[in-house]
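K.L.:
One structure, pasted below without further comment.
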């Protein structure tokens, strides 16, 4: 309730509002007072207050509800260009150039930290990820193959790495194409976790976090929905395998050059000073090569010399000779001539951990913590810097350019042009994770809308497949067909997803789902972390564990869960669209316990569990303080004894109404000790006529 407005002409005390009916006729009525008589004939004075003028209305008019998804106005709070003198204009130009250079520097370190983060994940979980591909019985299960693709990509933080492992296994005939397609689908899901983690760094501002998390998770929902539809379709019909096989057989491709690595040329000189990995070990582990199980992924020797010479070697029998003409015996041994490869290490690599005899896990943890700190710092500085640069006319031009559609009737072309822009930018930077992660802060501060970020993200999905296609064209002749077929499966999977979830506005479910999740996460920010853990860790691990027990166990456990989810979805649709078809009890979720239909009880539980972080010091300090007070004899009211109390909460101030509207019978100060019975006995009547503007 809004506080009472201050009245300028109202009388401050209650005594001036009443006149006792004591029969005193000598008292003349003052101006603005009218004299009346009651039933007994006693005169009663009616007080008419002078109309008071207030700047606030007593009744608040209903205000328009602000749309939380509207892009904020990035206003220019500085001095206008026309109001600056020559020195101020020159200084403003140099400040703009300096901010632009700083922005490029922060972006550079941001991208480098993503690269180092990927290397750290490969060191920590790369070998475990490689072992996931060994069990062919699990690979034959499409659902298990999909979650393996998710887990491997989450562990190595790179869809290109997991895809390259799959391509190597298919080229080596260790994995059939139909079993590799679900893994590619899972890799497409796992790569979307990077920009979702980046969105968590903007959790300090609820409005920015709502937009950033929705813009990041629109990628997640697109991939999850596409897999939910296309994975059963592929398992039933095998349309991706047949389509890509038809394309490969129809065209005679020639080996080409490798895809351009424009971004790697810029970032590799710095990242290679930090860490260098031998990624071929992951492929060898996936191919069940026992010789590399205990080999470190950290590259030590960067320059080696390999020499192949012919040498006389002994063999057990003449059957083991190279050829009959190159085989002889000396009575005791059988000799032959073979090519012997001799490898000599020449120069060590130049990175920080080359001379540290640390395990891969320890180095991975160190790099993981360091890269996350750099990533968070760079992201915070980028957001602050963009907030200071994108102001006034600059912000208006950028927002208008990115978010404005073409005029009617060509408005539909804008989204498809954005898809092409996203594909081109991803092709340049060679990573969909880098492009979507760099776009996430712009969504948070309001430069790019969620509706515009959706087609840009779809384009990024296509762009990351085109680089794989070019890399497959550079494969040797014996692996060209399989490599190209897997790359084309990835490409047509994303094209099929775009056909499902973009052309018709009604089918753009990822936008609505991402906005709903963004609103929930903005209110309960801990739910964003719960979402990441459930969808990218617990569900894949649960499906993978059930797959180890066999297909019947997986179907038996998953079927009731899927049926319950479908029932909830159908019931929710009927509640919102056709509630009349439902019984009265099912028209809302009130029949369920509160913890099943609301996050409020969970929020209270998590808040109570984390309340220890709201204390001024830790438990250890509290114990030390109390021991110190006990030894020195301090009183309990000293500062030391109160250092660990909870932070004081700001109490709501009571609303105080103006004294002119205080009831005399309820106002203790106006009564001056007069009780309610005394007031009634005095025969006083209160009549007021108030006009407030």
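Note: Cβ is positioned from N, Cα and C throughout, glycine not excepted.
Taken from TrEMBL, the feature region 'Disordered' applies to 1-44. Under the heading compositional bias 'Basic and acidic residues', TrEMBL lists 14-40. As annotated by TrEMBL, transmembrane segment applies to 100-121, 142-159, 179-200, 221-240, 361-387, 408-433, 453-474, 486-504, 524-546, 553-574.
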K.L.:
Can we call the transmembrane segment (361-387) and the transmembrane segment (100-121) in contact, meaning three or more C-beta pairs below 8 angstroms at a sequence separation of 6+?
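P.N.:
With 3 or more qualifying Cβ pairs, these stretches touch.
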K.L.:
Which listed range (100-121, 142-159, 221-240, 453-474, 524-546) shows the maximal number of Cβ pairs under 8 Å with respect to the transmembrane segment (553-574)?
P.N.:
524-546
K.L.:
Most CB pairs under 8 Å with the transmembrane segment (221-240): which of 100-121, 142-159, 179-200, 486-504?
P.N.:
486-504
K.L.:
With contact taken as 3 or more Cβ pairs under 8 angstroms (pairs 6 or more apart in sequence), are the transmembrane segment (142-159) and the transmembrane segment (524-546) in contact?
P.N.:
yes
